[in-house]
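What follows is a single structure, written as structure tokens, with notes after it.
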Amino acid sequence: MKQIELKILDPRIGKEFPLPEHATAGSAGMDLRACIDQALIIKPGETQLIPTGIAIHISDPGLAATILPRSGLGHKHGIVLGNLVGLIDSDYQGPLMVSCWNRSTESFRLEPGERLAQLVFLPVVQATFEIVDEFKSSERGEGGFGHSGKH
């Protein structure tokens with residue numbers, strides 16, 4: 001297991017609200033919670049930036065973190081990420097914030113400490129480009145946008 005530095009920015013983290021952790025041995029993500037002082041109403045079509053109460057420093061350029069939506073919030077309530085996926089670079093040290101977008105037709109009430117997104121760590125390959133005049137032939141070639149099937 002890889003250790004990542006975590007700074008607690010909200011004193012409720014680790015006391016009233018649990019630290020992010022993997023819920024099961026097979027969990028890919030760790031829940032991030034809304035570190036707000038009172039319930040927040042997110043109106044239909046509205047986007048709110050929600051603090052999580054933590055900052056992380058990954059430091060390893062071979063890793064990055066993503067902030068992803070929780071499936072139940074999106075499916076049942078229309079609450080998804082305003083930026084679809086949040087990317088946390090290894091050298092970022094600022095607070096983790098979650099952009100919540102209510103794509104439903106009804107207002108959503110977000111409570112303090114409520115789980116609102118998940119943090120997933122991923123390996124990163126930092127690539128460089130080699131300029132070429134032609135590519136080596138591949139099975140797919142230039143086919144894209146539905147080229148390989150019905151959709």
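Any Cβ shown, glycine's included, is placed from N, Cα and C.
Swiss-Prot has this to say about the protein:
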- Arg70, Ser71, Gly72, Asn83, Leu87, Ile88, Asp89, Met97: substrate binding site (BINDING)
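Structure with Swiss-Prot features highlighted.
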{"residue": "Arg70", "record": "substrate binding site", "CB count, 10 Å": "20"}
{"residue": "Ser71", "record": "substrate binding site", "CB count, 10 Å": "10"}
{"residue": "Gly72", "record": "substrate binding site", "CB count, 10 Å": "10"}
{"residue": "Asn83", "record": "substrate binding site", "CB count, 10 Å": "12"}
{"residue": "Leu87", "record": "substrate binding site", "CB count, 10 Å": "12"}
{"residue": "Ile88", "record": "substrate binding site", "CB count, 10 Å": "22"}
{"residue": "Asp89", "record": "substrate binding site", "CB count, 10 Å": "12"}
{"residue": "Met97", "record": "substrate binding site", "CB count, 10 Å": "16"}
Query raised in the report: Is Gly72 (substrate binding site) helix, strand or coil when read with DSSP?
Result: helix
Requested in this report: List nothing but the largest Cα to Cα distance in Å, as a whole number, among the residues Arg70, Ser71, Gly72, Asn83, Leu87, Ile88, Asp89, Met97 that the record says bind substrate.
Outcome: 26
